[in-house]
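Enquirer: What follows is a single structure, and I will ask about it in a moment.
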Amino acid sequence: MKINTTDVRTAIYHSLQQWQSVSLLTFKEEYYDENADIKVSFVKGKHNDGWDFDGKGRILAHAFFPSGSMRGVVHLDYDEDWDFASLKQVLLHELGHTFGLGHSSDNKSIMFPWNSSSVDNVNQDDKNGIEWLYGLKNKWAKLSPPVTKPPVTKPPVTKPILTTVPRFPVPTTQVPIIQPRFGNPTTHSPTTRHPLQKIPIQPRFGHSNPPIRYNPPIRYNPKHPLSPPFKSIPNSLLNVVNSSITNLYVYFPNTWNSSIIKFN
């Protein structure tokens, strides 16, 4: 391990301060585990979380996303030769996972999955990611999406090979189906000038109540006589009623005797 408790606490403090400086998150140290949202510990080999360490080299640490029973947990491999710089860098990465960030495809990002000693600060992509999750540090700033993908349910692992753990949760909420505000239309046909309840139209195809459309009164215009398009209808009509199912037209001349005509 090769690192003392004071350096560990200082590395944790500085790592959290970096994330706090670019986000709306705030942190304070707790002395009791049950009060802490984030817990950092050194463990060896098998440690009962399904993600065993492999001794010195390769896997350095892992952390869990902020959901489930292991949320906020950071495990560091006790067998590694830690110093202040390496611990701070790994903590920056793993703490990002506890906030909900996955691996970044930006090789200058602290969330890039390959461990690089040249990257020891959060960059713009990291800032975009944390603001995407928790809001803008500056309320007047423009929110920019990060270049990474949503996280999967498994905890990301810091190791010297490229992994494909995405960053943000895959949305499951479906677009709501908008129901008609007033239900199905119930408005009846407009009332005509004369009662037409007893029109002798016979239904076809077994329909007992064929829909009937009431047309407004047709006034004769000498310039546009009705006889050319409707050769069976007199020039002077009072009203016409049409059934959309039977295709029957009932026309009313200037008398009360109705006539029924079918147009193909």
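Glycine too: its Cβ is placed from the backbone N, Cα and C atoms.
Okay, so Swiss-Prot annotates it like this:
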| type | residues | note |
| --- | --- | --- |
| BINDING | HIS93, HIS97, HIS103 | Zn(2+) binding site |
| ACT_SITE | GLU94 | active site |
| REGION | 176-207 | region 'Disordered' |
| COMPBIAS | 184-194 | compositional bias 'Polar residues' |
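Tell me about the setting of these features in this model.
Expert: Counted within 10 Å of its Cβ, the other Cβ atoms near HIS103 (Zn(2+) binding site) come to 25, all protein chains included. For the recorded site, HIS103 (Zn(2+) binding site), the DSSP three-state label reads coil.
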Enquirer: Could you give the Cα-Cα distance between HIS103 (Zn(2+) binding site) and GLU94 (active site), in whole Å?
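Expert: The Cα atom of HIS103 (Zn(2+) binding site) is 10 Å away from the Cα atom of GLU94 (active site).
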